[in-house]
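As structure tokens, the structure follows; a few thoughts come after it.
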Ligand SMILES: Cc1cc2nc3c(=O)[nH]c(=O)nc-3n(C[C@H](O)[C@H](O)[C@H](O)COP(=O)(O)OP(=O)(O)OC[C@H]3O[C@@H](n4cnc5c(N)ncnc54)[C@H](O)[C@@H]3O)c2cc1C
Ligand SMILES: Cc1cc2nc3c(=O)[nH]c(=O)nc-3n(C[C@H](O)[C@H](O)[C@H](O)COP(=O)(O)O)c2cc1C
Ligand code: FES
């Protein structure tokens, strides 16, 4: 169920340049049942910034009623969020959307998890759950540069982990697809989150039979009521058929929505 | 909560607070958050004759104290709205106000005729003020004669009272209000969004794919207040006021300007529970301040004896 709660900041730290790891505590965590869903945050109680900010759930600790997000402080809202300290409260609406279906990967199979930039965070909880299920995970994480890369070690604890950076300061120089080629990575199922250009390139690779991608779109309500976040489907790319990223997604099977 | 009971043409409202069109879909999503029966009414998303996909994304952009939207009237079309959405919504004890849109007079007439025959629809809101579609929409809302003609045509076929939604993108709002009053409107809803634009500094291009969009939220409240203040003194039509409402104080200001009910749009995004919260808070405010009825405040800013200015028997 979707709830709204003032959750308490347990910790916030900078883990790379302009990248923050924020852990919140509250009852809402009990509703978080699936990796890949997101929360909609109001960073202050004021009229500026007016809208909530969608941020993915990066890891869930239900036993302690905590969850963690990783985000880039970039614009007005996320910069204000970065100022929050332990003990402060944040207005959280969630959990929203549909996450990555882990049951699509069978125990013993290999899943390749491909993330780009701030698309990496939701893959962390996903990887933990796949591993619990007995699915082997390979991670390919793309960043602009080494100074904005994060969680390489944490992912490494869960499975093989490769990095690609645009400037070559970490891992393969280039994009995630370059790393996939370089190491000739193979898997049964793909899960991915990142910029549309990356998702498109991955779709074109036909690396696996099955795949799921998570999209980003500017949002109003975040719950499916305002039609801000709509995209076309591949079946009907110029017609009236649509999916809402916030409530039908953000995760879709590869081939469902037009990128 | 009898202090809040409000009668308007075609509408008997438990309270005068309702979600504004386009900010609440057809109610399905919000019904998972709270019981929609607590609302005064629901203004459903604009309906056009044929299904519409709307504009390319990005469709929204934030602004200081507000937001721009260029949804482009996305909706599943008349048949599905009348066949599925409205009957579904009728399970709640809440009046439905159907927002009617089109690009030519015939479209509006067709939608109005069919949708007003739905047994569950209590009133129409004629959207002559959408800034986000290429044809129709705002054109009908900026030329008084055109607005009057359209209102008349729609009135001829509608089985329920017709409220006309005014655009603030005009230099003389009173003239528009009088034109639709002449055309036979039963009430006014105001204001729709103000045309605006934002540019992305990184790309040097407009943020919205549609380039321009409609500005809503607290930033437009003073414009709405001024327009309702002017119009309410010059017509006898009841006004459902909207534009930036997010607090009880905002609602009081709209009433004092001349509104007889209010709608909440953008604020539903920041706080999806805003409507039920405002309903409770408004009632508590009236009790605390010994105000017998919310309508006692209507037009207080210009009506010296503070009497009710609008009665519907
Ligand atoms: C489902 C989903 C999950 C996300 N998960 C994460 C995450 O885990 N970590 C992370 O760092 N970022 C994530 N993002 C992107 C994040 O929402 C934006 O970076 C953030 O909203 C920008 O806000 P701002 O205050 O920095 O920017 P501003 O420029 O002040 O934002 C202005 C407006 O534009 C919107 N906006 C700007 N950029 C984006 C964007 N890329 N996507 C969507 N809306 C945008 C804002 O929400 C706001 O409404 C996610 C986005 C979506 C849709
Ligand atoms: C995302 C969005 C969609 C809207 N869609 C419609 C619509 O379909 N029909 C309509 O008459 N008004 C529409 N509006 C305008 C609102 O109903 C309202 O008149 C306006 O936003 C001002 O109120 P607010 O500041 O409380 O949002 C829309 C507004 C927003 C923000
Ligand atoms: S953000 Fe409102 S429908 Fe998706």
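Numbers run from 1 along the shown chain.
Including glycine, each Cβ sits where the backbone N, Cα and C put it.
Just so you know, TrEMBL annotations are computer predictions that nobody has curated.
It should be emphasised that the depicted structure is a prediction, and the values quoted were computed from it without experimental measurement.
Take the FMN site that TrEMBL assigns to B:21, B:45, B:46, B:99, B:165, B:191, B:217, B:243, B:244, B:265, B:266: the candidate from B:127, B:303 listed for it is B:127. When the CA atoms are compared, the binding-site residues lying within 10 A of residue B:21 (FMN binding site) are B:45, out of the candidates B:45, B:70, B:72, B:193. It is 8 Å from the Cα atom of residue B:193 (substrate binding site) to that of residue B:243 (FMN binding site). Largest Cα to Cα distance within the recorded FMN binders B:21, B:45, B:46, B:99, B:127, B:165, B:191, B:217, B:243, B:244, B:265, B:266: about 19 Å as a whole number. A 10 Å radius around the C-alpha of residue B:130 (active site, nucleophile) takes in these binding-site residues out of B:45, B:72, B:243, B:265, in sequence order: B:72. Maximum C-alpha to C-alpha distance over the listed substrate-binding residues B:45, B:69, B:70, B:71, B:72, B:73, B:127, B:192, B:193 is 16 Å.
Of B:21, B:191, B:193, B:265, listed as binding-site residues, none is near chain A by the criterion of a Cβ under 8 Å from one of its Cβ atoms. The shortest Cα-Cα distance between residue B:265 (FMN binding site) and any of the binding-site residues B:45, B:70, B:72 is the one to B:45.
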